[in-house]
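Chemist: Sharing a structure, written as structure tokens. Questions coming.
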Amino acid sequence: MTAAAPRRLFGITAAAEMVTWALLILAMALKYTGVTEALMPVGGGVHGFVFLCYVVVVVAVWIDSRWSAGRGLVALGSAVIPFMTVPFERAMGRRGEPADRWRVLDEPGRDSAADRLLRAVLARPVVSVLIALVVVAVVFVALLMAGPPTEWGN
């Protein structure tokens, strides 16, 4: 099995992040209009999990595309603003970024420690995805146990 192309993977996670924003906003609208709170755990949970997956993909694409710190931070920040991940992904697509192939697989030898780590991850995509999902799940559960962000530190 080969790793998904960076452009495709980035596009899928950007779209998923946008869709889960819609689900979360719908759940919030239903909660705060007094209709029902039933969708909040689902909307919040799904959105939180997809957000963490998007962060993992952005970091991989950031390394591979050799984005500047500013561009990488904007990519991460686009997930905080509702529905911004897809416009950001499309803007990058117009610039030809991310590439259709993983650069780190095509340019061995000219790399940093982050490139070598990403190359190792891409060399074993099934194992790497499983490990990433476990890490995301652990972070997700820790955040669930911490409660809503508005209650952190109280």
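Backbone N, Cα and C define each Cβ position, glycine as well.
As the structure is a computational prediction, the values presented were derived from the model and not from experiment.
Quick paste of what TrEMBL says about this protein:
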DOMAIN    8-92  domain 'DUF3817'
TRANSMEM  12-30  transmembrane segment
TRANSMEM  42-63  transmembrane segment
TRANSMEM  126-146  transmembrane segment
Chemist: Could you count the residues of the domain 'DUF3817' (8-92) that DSSP puts in helix, in strand and in coil?
Modeler: 69 helix, 0 strand, 16 coil
Chemist: Quick one: mean pLDDT on the domain 'DUF3817' (8-92)?
Modeler: 95
